[in-house]
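See below for the structure under consideration.
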Protein chains: 2
Amino acid sequence: MMKVAKFGGSSVADASMIQKVAQIIRSDQDRKFIIVSAPGKRSKTDIKVTDLLVELGKKHEANEAVDDVKAKIIERFQTMINNLALSSAIVDDIKDTIDGVLYDESLKDNRLDSLKAMGEDSLAKVLSAYLQSLGEEATYINPRDAGIIVSDEPGNAQVLDESYEKIYRLRDHKGIMIIPGFFGFTKDQKLMTFPRGGSDITGAIIAAGIKADLYENFTDVDSVYCVNPNIVENPKEISELTYKEMRELSYAGFSVFQDEALIPAFKAKIPVCIKNTNNPEKEGTMIVSDRKNPITGTVVGIASDKGFLSLYVSKYLMNREIGFGKNLLQILVDEGISFEHAPSGIDDMSVIIRKDEFPKEKEQVVIKRIQEELDVDMVTVERDLAMIMLVGEGMNSTYGVASQSTQAFANASVNIEMINQGSSEVSVMFGIKEDELEKAVQSLYHVFFENKIKV
Amino acid sequence: MMKVAKFGGSSVADASMIQKVAQIIRSDQDRKFIIVSAPGKRSKTDIKVTDLLVELGKKHEANEAVDDVKAKIIERFQTMINNLALSSAIVDDIKDTIDGVLYDESLKDNRLDSLKAMGEDSLAKVLSAYLQSLGEEATYINPRDAGIIVSDEPGNAQVLDESYEKIYRLRDHKGIMIIPGFFGFTKDQKLMTFPRGGSDITGAIIAAGIKADLYENFTDVDSVYCVNPNIVENPKEISELTYKEMRELSYAGFSVFQDEALIPAFKAKIPVCIKNTNNPEKEGTMIVSDRKNPITGTVVGIASDKGFLSLYVSKYLMNREIGFGKNLLQILVDEGISFEHAPSGIDDMSVIIRKDEFPKEKEQVVIKRIQEELDVDMVTVERDLAMIMLVGEGMNSTYGVASQSTQAFANASVNIEMINQGSSEVSVMFGIKEDELEKAVQSLYHVFFENKIKV
């Protein structure tokens with residue numbers, strides 16, 4: 001068995017967390033490939049190391065004094081090392097590396113991106129030294145040496161396929177490998193960071209490259225919940241999810257991690273496990289390609305999000321007009337507006353758009369173009385909509401889910417503005433008014449998770 | 001009060017029907033503008049006069065003997081006239097007119113279209129003569145003299161706006177006017193027939209032109225039913241419908257008349273009444289622009305139709321791809337395929353298409369183009385779908401309808417393949433498997449019309 005374990009920012013925020021991480025690694029000899037984030041916040045008012053590094057880079061660029069910020073960064077690692085009883089030589093190495101990035105002339109075009117990656121890089125050094133101090137055979141492995149080759153896009157690097165062959169060779173490496181997350185190197189050796197969810201991406205790439213049996217993603221929650229815990233108190237935990245379900249849940253309000261970060265692992269069909277660094281005995285949530293025991297007709301999760309609007313267009317005899325839908329969507333494409341869904345009736349069509357894609361100033365332009373170019377009878381915009389998604393593979397193959405979910409809305413006296421079922425095989429989507437979201441979700445949770453109704 | 005009354009083919013099929021029509025006209029002095037169809041079938045095995053005229057035209061064109069067919073046509077009118085005790089001079093006039101069309105050199109490019117209109121034209125002459133014989137002041141008015149000016153499109157004439165001013169002058173005409181339906185004249189005096197529902201179109205044009213208070217559409221049913229009578233026995237009658245509701249009902253399986261024929265009346269906001277020539281005392285169904293007493297949350301009708309298919313396309317991260325939906329629809333437009341609806345999920349999209357728009361040979365081409373041009377993960381076609389529409393203005397503003405309708409499907413053990421609610425303000429659409437249509441519709445009827453549940 002080969003496992004890749006990734007530890008997020010809160011899991012490596014200070015020495016005591018690093019001790020927990022070390023214990024988790026040592027408790028399972030299959031955990032050979034370790035990916036780390038940069039140290040996160042130790043308290044609500046704390047600053048993440050990566051944010052300090054960004055500040056450092058910006059001040060340096062503006063020719064402002066950088067000593068204070070640099071001292072804060074070094075101090076974070078110095079305190080860790082002291083509390084872990086490690087040699088100060090590691091801090092000297094971290095300091096030299098940061099100075100190297102800060103004053104290297106050849107990095108001047110891409111300095112900020114390289115600096116941003118120093119939190120992960122430094123933490124990987126600390127963790128490997130700590131594991132060594134405990135008698136483990138542990139090695140810090142730079143992403144360059146690991147074989148993570150990426151495109152030349154600072155802050156948005158994409159892994160190149162040729163990486164995987166190189167990474168596969170890591171399987172022959174002895175002992176535990178500690179690899180900093182969040183970055184890779186271009187073919188000509190330039191450091192590039194990944195987009196959002198960067199350390200998760202590194203973990204997924206390594207898992208795919210070494211053909212891991214499991215990719216463990218350690219966070220600060222016990223598992224993925226079946227509903228937003230801000231809406232329902234102590235909601236049920238999900239023990240198993242499929243990739244497809246995860247993808248649909250992530251769409252509307254599930255923020256355990258960026259689901260797109262996991263694409264490399266998904267493509268290689270490697271199971272992903274979400275676990276809690278503070279509670280590693282808990283089983284967590286498994287995310288798999290296919291469910292071992294397919295369950296039909298079950299809702300596995302309820303996702304919800306606010307911040308949508310609906311653009312409604314009606315035109316008599318619309319459905320006789322070949323190309324009307326296409327022309328309407330073309331106007332949105334022209335204006336750079338990404339839409340979510342476009343359900344249509346006989347003589348009308350609604351386009352669901354995220355609010356931030358459709359600011360008030362664009363509204364005027366779009367409405368005017370629709371009126372003039374498409375000669376419609378009516379075009380209106382309804383703001384303040386929320387979307388709720390019921391997710392579960394095979395859910396759509398039973399008639400119970402439709403009737404029970406609509407009953408749940410009726411129970412909560414919530415009017416359904418929109419239902420979109422059948423376009424996805426994994427989910428049903430409901431549109432309602434934003435201010436009714438909480439009671440609707442609570443009612444759905446009650447019906448599908450508390451009553452344990454067999455559907 | 002000014003009323004326009006239109007009588008369909010079955011209402012003027014023989015002398016006894018014409019007597020009924022005359023009685024209806026005479027029973028209400030507001031019925032001044034009468035539009036007639038050509039005589040329809042008197043029995044199941046009978047041939048419509050218009051079909052005989054088409055046969056006559058085709059034989060003439062092919063230089064075949066026409067005497068037999070012509071004799072059949074003349075005989076239809078001769079029998080009528082005998083039974084109505086009218087002068088044979090009318091039959092001579094009808095015969096001369098038909099011969100005129102048949103042998104006029106100037107008509108050679110458009111002879112068939114002119115011939116097709118002779119059934120309506122002849123019947124209008126018979127009816128006005130009969131009304132005169134009863135002592136009424138009745139006049140046959142040719143559409144040219146009525147002012148119906150149309151575009152130069154044989155079989156697909158569109159009324160020109162300038163007609164309405166001319167038609168308005170008919171208000172000053174004394175007595176009852178009998179106008180043949182189904183055709184008008186171009187500016188250079190060429191006869192052109194309307195598309196399907198031709199006599200209904202003439203009625204709607206005259207009603208709009210004279211600014212009628214009511215357009216009565218006499219057919220052979222007592223009213224519009226709230227559900228297809230072939231699926232539910234003796235269904236409830238609808239006493240009032242709005243134009244919008246009628247339009248949505250017509251879409252899927254309501255065939256009392258072509259709703260598009262009524263457009264001129266709808267645009268002029270003239271109420272339309274559907275009545276039965278054989279039972280004129282019945283109130284019939286009123287179709288109005290706005291309901292006098294708006295009813296919220298009520299389903300007024302259930303329409304249903306078979307013969308749909310769903311084209312399902314899935315692609316990972318589809319919703320991040322601006323223009324995907326538009327590009328998919330563009331392929332359909334290129335191939336000349338008109339689609340009905342295109343609901344979309346996160347990473348998938350379904351396009352609902354009528355089967356006859358998407359023959360098997362086009363399926364290959366379209367699927368290949370989608371695969372190659374859009375690089376999708378999956379594209380499949382599901383045939384044999386039926387659509388059910390619940391129709392009612394204001395229905396969507398209550399939460400009861402959604403839960404009760406889905407419950408009705410569950411009661412009938414029918415799985416809902418698709419729900420499309422919210423794109424139309426007047427209807428909710430469900431997609432199910434064709435072979436489950438009957439039991440689903442029966443269950444919906446039971447819930448919304450038999451139980452009289454207040455929603």
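Just so you know, glycine gets a Cβ as well, placed from its N, Cα and C.
All TrEMBL annotations are machine predictions without curation.
Copied over from TrEMBL, here are the features:
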BINDING   A:LYS6, A:PHE7, A:GLY8, A:GLY9, A:THR219, A:ASP220, A:TYR225  ATP binding site
BINDING   A:THR50, A:GLU120  substrate binding site
DOMAIN    A:390-455  domain 'ACT'
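Projection of TrEMBL feature records onto the structure.
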{"residue": "A:LYS6", "record": "ATP binding site", "DSSP class": "strand"}
{"residue": "A:THR50", "record": "substrate binding site", "DSSP class": "helix"}
{"residue": "A:GLU120", "record": "substrate binding site", "DSSP class": "helix"}
{"residue": "A:THR219", "record": "ATP binding site", "DSSP class": "strand"}
{"residue": "A:TYR225", "record": "ATP binding site", "DSSP class": "strand"}
*If you measure A:ASP220 (ATP binding site) to A:GLU120 (substrate binding site) at Cα, how many Å is it?*
18
*Near A:PHE7 (ATP binding site), which residues of its chain come within a Cβ-Cβ distance under 8 Å, counting only those 6 or more away in sequence?*
A:VAL21, A:ILE34, A:ILE35, A:VAL36, A:SER37, A:PHE218, A:THR277
_Reported mean pLDDT - the domain 'ACT' (A:390-455)_ = 86
*Go through A:LYS6, A:GLY8, A:THR50, A:TYR225, our binding-site residues, and report the one whose Cβ sees the most other Cβ atoms within 10 Å.*
A:LYS6
*Taking A:LYS6, A:PHE7, A:GLY8, A:GLY9, A:THR219, A:ASP220, A:TYR225 as the record's ATP-binding set, what's the max Cα pairwise distance in Å, rounded to a whole number?*
20
*Fewest other CB within 10 angstroms, which one of the binding-site residues A:GLY9, A:GLU120, A:THR219, A:ASP220?*
A:ASP220
_Between the Cα atoms of A:LYS6 (ATP binding site) and A:GLU120 (substrate binding site), what distance do you get, rounded to the nearest Å?_
12
_Give me the CA-CA distance between A:THR50 (substrate binding site) and A:GLY8 (ATP binding site), in Å, as a whole number._
13
*Where A:TYR225 (ATP binding site) and A:GLU120 (substrate binding site) are concerned, what is their Cα separation in Å, rounded?*
28
*Looking only at C-alpha atoms, tell me how far A:GLY8 (ATP binding site) is from A:GLU120 (substrate binding site), rounded to the nearest Å.*
10
